[in-house]
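In what follows, a structure is listed as structure tokens, so that the remarks can point back to it.
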């Protein structure tokens, strides 16, 4: 009211709004006059005199119809005073300052007592929910706030009389729909209760405006049947065109219009925008309250602050949760809203027979339902940015809008309102309610609304419209039920979200806003009626949704049952649209109905129409998925183009600022660890600066129970390969290095790397390629009559030199050139070696212990040896027993049993039995479980000999009589030749190739963007640590280690925290990864402490280790694309899978690529089997230039992209694949 606009009593006015300036007298030097003059000037008696002077209407005289020309003439004559109220105030010098606050309250109380009057018994006037209480509140608020100023606005100049036109919103020419925006929708009125039903407090007095309305009602004349009255003219208050008042007003309904005469209606129209002197005027603030002058900035500051208090609408898109409710009859034939489907991202339907939720699926819509939905939105009501906080208030405004847009009849107002306020039920209600289900109900619509109706002191935002009883008795909601008033209605404060809903609530994002879709058929409507509602802010409507999610959108569709409209399909259509990302973003940013219609057209452009033919297999629908992906790709490109065009033009659409800022920050803050700086050790310095500042958080982040579980799991995952490779390494090196050396090396290097490394999540361990190299170098030294351990010392020293040179030159960037072509060859070769070595060892067992028809007696055994005991190494003392009965068969059983148990536990991990977490635990511990089971089987068979693992007692080397913990660089038994000291640079370069490939590729896999590691990584620092520590390992006779791919990925997965707010059917997403150093230190320490379990380790048969070796070889082949393409050679083309390397490449060219890889593998196998086996890492390195230089001449870039692309992403689905399927690296 600060700008001088007098609020009209209700509905829109047919005349333009007149703003009356409030003249404020200038400040006088002395204001000591008594305040009685002001009281006399504004006395109620003076208002009564002004009103009572109105001449009474003589019913005997013929009535006259007034036109707009008469109203215009009346406004500009002396009978219609336009002087502001401030002109009647005393001169400024007679005013004095305000008395104290207590005196003002006492004077206001006396004024209340003077103006109190009993309620009128006549026809109820048009009430507004502000009243005197609201006026006093506003007056008190202005007094407490300090100062206000009215901006004078000149009234519009008089023009020629024209016929007034009334319109609300933006009516389309081609549709009778109504689109009401926030200013008008907020002020939508409601019909007040009659005076005999409205509660009156003792001592309360009506406001002057209510008294004036009552006097005007008492003077009302009989209604003329010839007079016409349009309800649209009174829907919005006139102040909606400018600054709307704080009160919500009640619209005049048909019954009240019939009770009033045409002259009264015209009189109401005329006076809504007039300046009626002395009637319902706010007090002009005294000039003494203004601290500064009229032009002083201090006086304008509070006014500017008040103008800034207007709340800005939130147009930022949120995550969505959609719920479809249909109008149904329960067992007692009472109508209620029943939830039949829901959307978080995909559709979930309630199965009618079992009342349980089905599996999430992509919603399939009929094209006709989409067209009907588009027509419904074009012709229905669209209420955008509606300022209501309760369901009754929203429902009332929706009903009134439907009446104004001629969708429903005025006499159906009560029935539609009762339908919208019916009780909501959900599938989980019956399951969770127990023996005492809660069924809140109410006696009538008025009682429900009354429970939600706050007092006027709560402010205009909380006011809820009420429904007048003078509408007459409403028609029954259902024809067969006369007691429709007693239906269960929506009641707030339900029993909250239930236990079943807690799991669903976890899957909904925190900032999600809900969409409620209400569809159904009712018997009392003649045509469908629809409304699309967007609230100005999300509100929590209790007992409406299955979960407590704030509601932002509502869609209502009611209509008769005899039409051809399928309300269920239409509700599914709007719900699917709201779950679509682009459409619900457009719904947030829509300014009118046309924006919604345009978004529907965009949705139709990206939709697929399937012809009405019978589909008898899923294979027939494969092309649909590919076509849909293509449409989505084009849709994203169009959206990206629009965003770029808007940003280039300097305009950013609402809701795009945040995404652009996030994208820009990511682009600017992204730091490529493989980018070369051009300076010596520049990459190493960057790694240290990037990673070491996070060292304190690396210790704090380990304080979580998930880290403890990861330590226990990865400990067994690291101990099993250490025992397996240690036993095989002892076999290959004739006991010079075995389990003891490998356990010590894993512990020491693991602790140092976890404390100093740039990526402490990498697990350092022994691998198959290093085992192959150790065997090749051992054979080379035996052939050249050289000491194997002394040669390893010089190889280690040269390894340190080469690593320093490589890190100084920032050579880690070369890992980008190692494509899956080389990785698959590497992994396939190592897997073949594992499988070959397993059966080769089994063949040796059958050779030493053949199946004979007759075996010698037990006395033939060597003295001092038991049947089922640990045998000494072949070089230690007497050889082990030979020709033992059942040894070969038991070894075969132990090997196959270990392999099958571990393999099927891995399959069980990816099955559908039990829960996802239970399957993961069982599958991840498959190797330890299989080892334990087979050891128990061997231990239970006491009369059959099996060769056991050789483990010394305590902290000792495997062969104490052959070596010590320190290896002399110049030789132990004889001097080491000097030429070999220099020539050791060649095997050092070869072992560097293996360490570089495995370490850098593993670090590259772990640091993928999809894994969401935030603290960064350091390729140069990690390579320097592993290479330097490998050089020290040579001095102590310990095996070289590298970053183990499978164990490192398993470690990262164990520390990954998945998001719980994932839509059912959507793929899991990573929330965070607990990047810390403590788990690596504890895992390495526990592996080191395992050396004290020598008595237990000595019980493990070597055949069990052969089974683990076979398991690692077979499982490594499953994730290699080469093995899948190899099988396609023997498969008809019609059975080929729908993979890019099949659909985008001709079959014979795909086979050519496969044969090239097989040729490389065959060449490497031949080299490995000869005396030149030491050179196989160099030949492996040659596959990199082969891929970069030769293959582009044979294949097109499009074919190479399909055949040699790194498109594997981490899979965290409970039913998905494990680490072996994701990696192209050897174990």
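From the backbone N, Cα and C atoms, a Cβ is placed for every residue, glycine too.
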Candidate ranges 662-684, 685-707, 708-730 [criterion: Swiss-Prot lists as transmembrane segment]: 708-730
Annotated residue, phosphoserine, per Swiss-Prot; candidates 167, 288, 956: 167
Selected residue, Swiss-Prot feature phosphoserine, from candidates 67, 148, 170: 170
Among ranges 1150-1186, 1187-1223, whichever one Swiss-Prot labels transmembrane segment: 1150-1186
Residue from 198, 296 to which Swiss-Prot assigns phosphoserine: 198
For residue 1160 (S-palmitoyl cysteine), the number of other Cβ atoms found within 10 Å of its own Cβ: 23
